[in-house]
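Student: Before anything else, here's the structure in question.
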Amino acid sequence: MPTGFQPAESFISFGQPASPPYKGNEASSSSRKGKRKASDTPAPGEKQTKKNKKDKKKKGSKKSQPVDEPDKKDGLPGLSKKQKKALKEQEHKARKSDRKRDNSRGIEAGPRNKKEEQKAAERHAPWTELVDVDLCRDPVDLLTEEINAFYKYVSPTREEFEVRLFMIELITRTINKLWPEAEVTPFGSWQTQLYLPQGDIDLVVAHKYLSDANKQRLLAELGKAMRQANITDVVAIIARARVPIIKFVTLEGKINVDISLNQANGVTAGKIINQYLDALPGARQLILIVKYFLSQRSMNEVYTGGLGSYSVICMVISFLQLHPKLRRSEINPELNLGTLLIEFFELFGRNFNYNDVGISIRRGGFYFSKASRGWMKGQSFLLSIEDPQDKDNDISGGSFGIRQVRNTLGGAYELLSMRLFERAEEMSRNARSGRRSTSWKDKEGDDWSILGGVMGITKETLKQRNELTRIHLEGRLHHKLSIPLGADPKPFVQNYRPPPIISVPSVTDHGRGASSPPPPAESSKRNKKDVGAIMVEDDELESDDDSDSDASSYSSSDSDDSDSDPVAISPRTANSRSTSRVPRADISDTESDGIIEISQPFESSGRGRKPLGDSEPSEDEIEVLSNPPEESRYAGGKGRGKAKVKDAFRPPTPPLPGQEGQLSDLSRPPTPPLPPGEEEEEIDSDEEALRRILAESDGDLGSEDEIGKEWQGAIQVDSDSDEEEKKGRKKRKRGVRSEERRAFWAAKGGNRLGQSSGDMSD
């Protein structure tokens with residue numbers, strides 16, 4: 001099926017790009033601006049200089065013959081070794097410039113050498129064995145199931161987890177033997193449990209006698225201790241870096257290990273990230289996908305210009321925090337991972353404004369202006385991500401290759417979209433022909449996989465995972481640590497943590513909307529173009545009276561943040577009012593200057609609300625004003641999201657006896673209670689409200705003053721008489737409906753269904 005997408009293989013493919021054609025002496029002469037050395041070969045029709053003749057005599061007849069046939073066919077004379085070398089360098093520069101030009105246009109040039117090309121060809125999608133394709137209703141479900149299957153597949157098994165745990169314990173015992181008072185703490189991907197099969201282990205050593213002056217000497221001692229303990233045979237000491245570390249690869253399992261000294265901020269960052277991950281379902285799956293995607297393209301290291309794990313985690317968290325449908329709790333992220341992954345690639349690969357906008361995940365997440373913080377630094381193309389621990393620190397400022405990363409993410413968006421269209425066409429064709437159950441089973445997973453178009457498992461990864469499993473089964477590390485085989489490692493390990501629990505919902509069991517938080521119920525007659533414009537904080541009414549009891553019951557936990565608690569997280573649930581953007585009052589003046597506001601359809605503050613009747617309210621305003629403060633529009637319930645006309649348009653009414661002084665400034669006066677079974681039902685729309693008012697109202701209503709007198713009298717009727725009580729109830733209901741009808745036409749301008757502004761009576 002022809003699609004509107006360009007072939008995305010040119011963006012992230014692994015095919016070798018064709019080299020540009022050689023332009024001969026034309027490129028050479030243009031690069032030198034018309035100047036040539038005396039030793040150069042003369043152009044056609046130009047006389048040879050004396051120096052060239054002498055050179056020919058010295059070099060003999062051997063050099064006077066043509067060097068190779070292609071040059072002879074092109075009419076070019078023989079070339080010397082020096083000229084050949086110059087031509088090769090020139091061709092290399094031309095290829096390099098073309099590759100740079102392609103990158104600037106959004107085209108990645110594929111593998112950089114034959115080894116990378118071979119690795120790309122060896123990739124396959126073994127996680128597809130965990131996907132039941134026949135139960136997927138559409139390609140989006142298929143992609144979501146693939147993401148969950150990939151997450152399960154790359155997550156560590158019990159054997160792999162314990163090998164890493166025992167390796168950390170072995171290194172810890174070696175360090176404690178060298179420095180008995182030192183404290184070793186793992187952090188990074190081990191702390192968040194977001195490491196890949198070939199991921200490294202980050203450790204920090206804290207000691208009260210460690211200082212910056214003796215760090216280099218202590219790192220050398222630490223490296224020597226690692227070699228003597230047969231943990232590794234080669235240690236690299238990076239002492240002049242901003243964070244001095246030692247790096248080595250373990251002999252058992254070939255695991256990369258980084259050890260730093262007295263860097264406690266890494267441990268704190270891991271604790272903060274774990275809080276975010278617990279509050280954002282689906283974040284772990286997306287983070288592992290993006291990390292693996294960048295890792296296979298050598299774009300996961302900051303020192304090479306790529307994005308580090310910390311930056312990737314913050315990007316995914318920010319994406320989930322600010323996603324409109326997640327802010328309104330309309331979808332379950334874990335059942336819509338396929339859509340979210342494509343939208344993530346689209347945002348940071350096509351639409352994100354890297355030049356002007358920075359990312360912050362603090363206080364619910366927001367975007368800010370880079371210029372307001374002085375983060376332009378002459379390189380506006382760099383990605384800026386605020387450190388959750390320090391708002392003045394840019395954790396992604398060192399990723400100088402972000403433009404190539406952006407092009408790669410954009411290519412992934414194009415390729416995944418194209419594969420979705422292909423699978424949709426194939427599913428539709430199979431459904432029409434009745435071959436659904438057999439068509440997919442006859443194919444290999446690599447053939448129908450959507451996610452396999454942008455990533456895959458290499459043989460090198462499989463080999464290392466098998467090696468870790470073999471080490472565990474043979475008990476090599478058990479023997480070194482004196483741990484019995486099959487025993488629970490908790491009593492024998494200092495930095496013990498339980499293995500991760502891998503549990504993800506399946507769209508084949510629930511469907512995308514079954515177990516998701518129920519979306520707000522919308523009226524069928526509501527203006528559809530307004531849906532989706534309301535943010536979570538739209539229906540939060542601000543109170544002038546700080547003593548309002550209702551205000552504390554629905555205020556966002558993010559808005560209660562103080563400067564002493566820079567990271568406050570409230571898990572987003574269907575019944576909670578966690579906001580994705582903190583109000584300006586909770587952000588300092590210096591911080592709020594650069595915050596980019598998210599456009600709202602109207603001002604939701606109670607202070608700026610216009611009185612009823614001044615202008616025709618919008619559909620959204622009607623809904624916000626109609627909801628009482630103690631009830632959330634997003635809370636589960638039958639009538640959630642419906643406009644209660646009796647609350648939206650009713651003017652203040654006299655309180656019942658005994659209820660004086662019980663009304664707050666923000667709450668509307670309650671109506672007289674009706675007997676059981678006669679409660680008013682919620683109205684879906686304005687037309688429904690008007691139709692009911694006109695249908696149930698009597699035609700003998702008097703003036704407004706008369707109604708008020710009769711109503712006051714009806715309240716004071718003696719309850720001993722049933723007949724008088726019924727009569728008073730009827731009068732009270734007529735008065736209420738008359739008030740409703742008057743307020744309704746006052747709000748609407750009184751010009752609908754033949755009514756005029758002056759014709760408000762019956």
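Residue numbers in this text run from 1 along the chain shown.
Note: Cβ is positioned from N, Cα and C throughout, glycine not excepted.
Below are the features I grabbed from Swiss-Prot:
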type     : residues                                       : note
REGION   : 1-123                                          : region 'Disordered'
COMPBIAS : 50-62                                          : compositional bias 'Basic residues'
COMPBIAS : 65-75                                          : compositional bias 'Basic and acidic residues'
COMPBIAS : 99-123                                         : compositional bias 'Basic and acidic residues'
BINDING  : SER189, GLY266, LYS291, SER309, TYR310, LYS610 : ATP binding site
BINDING  : ASP200, ASP202                                 : Mg(2+) binding site
DOMAIN   : 336-393                                        : domain 'PAP-associated'
REGION   : 482-762                                        : region 'Disordered'
COMPBIAS : 536-549                                        : compositional bias 'Acidic residues'
COMPBIAS : 572-581                                        : compositional bias 'Polar residues'
COMPBIAS : 677-687                                        : compositional bias 'Acidic residues'
COMPBIAS : 697-707                                        : compositional bias 'Acidic residues'
COMPBIAS : 753-762                                        : compositional bias 'Polar residues'
Student: Give me the Cα-Cα distance between LYS291 (ATP binding site) and ASP202 (Mg(2+) binding site), rounded to a whole Å.
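Tutor: Here the two Cα atoms lie 17 Å apart.
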Student: Kindly report the helix/strand/coil residue split of the domain 'PAP-associated' (336-393) according to DSSP, in that order.
Tutor: 22 helix, 10 strand, 26 coil
Student: Look at each of the binding-site residues, ASP200, ASP202, LYS291, and point out the one with the fewest other Cβ atoms around it within 10 Å.
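Tutor: Output over binding-site residues ASP200, ASP202, LYS291: least Cβ neighbours within 10 Å is ASP200.
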Student: What kind of secondary structure is GLY266 (ATP binding site) part of, going by DSSP in three states?
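Tutor: Helix, per DSSP.
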Student: Counting only residues 6+ away in sequence within the same chain, which have a CB under 8 Å from the CB of TYR310 (ATP binding site)?
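Tutor: Spatial neighbours, sequence-distant, of TYR310 (ATP binding site): ALA269, ILE395.
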Student: SER309 (ATP binding site) has how many other Cβ neighbours within 10 Å of its own Cβ?
Tutor: 25
Student: For GLY266 (ATP binding site), which residues of its chain lie six or more apart in sequence with Cβ-Cβ distance below 8 Å?
Tutor: PHE187, GLY188, ASP202, VAL204, SER260
Student: Using Cβ atoms only, which residues of the same chain lie under 8 Å from SER189 (ATP binding site) while being at least 6 residues apart in sequence?
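Tutor: Spatial neighbours, sequence-distant, of SER189 (ATP binding site): TYR195, LEU196, GLY199, ASP200, ASP202, SER309.
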Student: Within the domain 'PAP-associated' (336-393), what mean pLDDT does the predicted structure show?
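Tutor: Reported value for the domain 'PAP-associated' (336-393) is a mean pLDDT of 92.
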